[in-house]
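Per TrEMBL, the features are:
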{"type": "COMPBIAS", "residues": "371-386", "note": "compositional bias 'Basic and acidic residues'"}
{"type": "COMPBIAS", "residues": "388-398", "note": "compositional bias 'Basic residues'"}
{"type": "COMPBIAS", "residues": "410-422", "note": "compositional bias 'Basic and acidic residues'"}
{"type": "COMPBIAS", "residues": "446-468", "note": "compositional bias 'Basic and acidic residues'"}
{"type": "COMPBIAS", "residues": "470-483", "note": "compositional bias 'Low complexity'"}
{"type": "DOMAIN", "residues": "1-29", "note": "domain 'DEAD-box RNA helicase Q'"}
{"type": "DOMAIN", "residues": "32-205", "note": "domain 'Helicase ATP-binding'"}
{"type": "DOMAIN", "residues": "232-381", "note": "domain 'Helicase C-terminal'"}
{"type": "REGION", "residues": "371-513", "note": "region 'Disordered'"}
{"type": "MOTIF", "residues": "1-29", "note": "motif 'Q motif'"}
Amino acid sequence: MSFEYLGLSDELLKAVRDAGYDTPTPIQRQAIPAILQGRDVIGIAQTGTGKTAGFTLPMIDILSQGRAKARMPRTLILEPTRELAAQVAESFEKYGKHSKLSMALLIGGVSFGDQEAKLERGVDVLIATPGRLLDHATRGNVMLNGVQVLVVDECDRMLDMGFIPDVESICQKIPQAHQTLFFSATLSKEIKRLTDKFLNDPKLIEVAPPASTAATVSQSIAIVGAREKSKALRELIASDDIDSAIVFCNRKVEVKSVYTSLKRAGLAVGQLHGDMAQPDRMDTLARFKSGDVRILVASDVAARGLDIPSVSHVFNYDVPRNSEDYVHRIGRTGRAGRKGCSVTLAMPSDTKAVLEIEALIGRPIDRQPLKEVKTRELESDEETPKKSGGRPARKPRGKAAQAKTQSTNSEEKSNATAKEDASSESATIEPQAKAAPQKPSRSRSKPKETEKSEDKKAKDRSADDRKARANTSTGNRRSNNGNGRHHHEDDSPVVGMGSHVPAFLMRPVPKRG
């Protein structure tokens with residue numbers, strides 16, 4: 001089937017041919033006629049299936065009749081990230097070049113004044129991220145009561161990024177008489193709840209199972225130590241003929257670290273993460289698409305849904321946190337029937353994550369050998385720490401725990417001192433008893449010296465006992481802070497005299513005549 005059978009206008013068909021496309025993708029074949037008929041649509045499709053053109057093409061035809069009013073856009077497209085919003089804007093420019101549609105892009109990192117000026121002139125197509133759109137709506141720069149078609153793209157990513165409350169708020173500002181299109185890679189319960197709330201008898205289009213991966217993409221995994229990952233990545237890049245590649249990291253700090261490592265190795269590399277200014281992000285994407293940058297190091301959020309058809313390789317520097325993200329990541333390569341290559345760097349402790357990915361895609365992932373880096377094996381289930389037990393005990397944290405530890409240590413020291421003093425004291429008292437038969441002069445002088453020495457020891461021990469009791473009391477008070485959370489955890493015995501009796505209490509009391 002060709003695009004001519006989908007009901008598009010001649011001007012639009014010409015733009016499609018100019019872009020080099022002849023045959024619609026499965027989601028385009030199903031979505032375009034339904035949208036032209038005015039139906040609500042739920043499109044479940046992976047990145048790279050042509051879903052963006054699946055809604056931009058019919059929207060251009062729908063908007064060919066009519067005219068926009070000031071601050072009242074006729075259509076609204078919500079995207080989770082700036083890059084995706086800019087990508088959709090490029091699609092409208094490419095396919096709408098033979099029409100006279102006006103368009104505005106509301107994203108962060110761009111002047112409010114320029115965006116406000118476009119809105120004031122009136123736009124047919126408004127493409128925005130939820131946060132920036134609500135900012136303009138609060139300022140009175142845009143009114144949504146004239147929206148005829150609403151598109152919520154990448155719904156699952158909206159959910160992941162916490163934008164669902166904003167999306168609901170925006171949907172409630174739009175009049176009921178409008179067409180709504182939801183597109184997502186997966187259909188979770190939360191997204192189903194939204195579609196039930198805001199869509200009217202929608203047509204469900206699901207072109208591929210969300211867990212499937214393209215058959216044209218070869219997948220492998222290299223298991224290495226944490227300190228060997230950078231070296232392993234450089235070996236993988238050097239060992240293959242790479243036209244363009246995306247390296248995915250789980251955190252921004254790793255994006256920066258890997259970018260620096262590859263740049264020092266002399267590679268044409270760029271980075272993409274949330275800390276970058278919008279002009280820098282757009283410039284990096286443009287250089288990557290043009291080929292000036294051959295390797296792009298990116299986080300999941302920054303690269304989600306990017307339409308870069310010529311990516312030959314995908315490297316997962318980290319095993320994705322969610323197994324579904326693995327499918328989204330490797331979906332950047334092997335598009336439109338092209339061959340692609342995906343290699344994941346895993347550590348031996350990543351057993352659970354790797355097994356979940358293999359269960360999701362329905363087959364084991366081949367192991368990738370390396371020459372310069374020693375590869376390892378995944379830990380067995382028995383070696384992998386379990387949630388219940390198996391984890392070594394952690395050291396106490398916080399002031400309360402430290403106080404409790406100090407109290408316990410003080411008590412142990414006090415008891416140990418008490419035992420030592422008791423043994424030494426019994427040794428002292430025993431000779432005292434044997435010294436009784438000696439001459440009166442010597443027996444009087446020696447007990448006096450002994451008494452002084454014993455009194456001094458007793459005072460020292462009493463001071464130690466008072467200090468131990470003070471430490472214990474302080475530890476108890478500290479551990480009882482925080483609404484009594486540790487009240488039952490600190491039932492240490494009260495430290496008294498310990499296991500000894502001071503010498504002065506052992507002296508016989510003289511009888512009074």
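Cβ coordinates come from backbone N, Cα and C, glycine included.
Automated prediction, rather than curation, is the source of TrEMBL annotations.
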Message = Cβ under 8 Å, sequence separation of at least 6 from the ends of the domain 'DEAD-box RNA helicase Q' (1-29): give me the contacting residues as numbers and ranges.
response = 36, 43, 45, 49-51, 53-54, 57-58, 60-61, 64, 94-99, 205, 207-208
Ask   = What average pLDDT does the predicted model assign to the domain 'DEAD-box RNA helicase Q' (1-29)?
value = 92
Request  = Please spell out the DSSP helix, strand and coil residue counts for the domain 'DEAD-box RNA helicase Q' (1-29).
outcome  = 17 helix, 0 strand, 12 coil
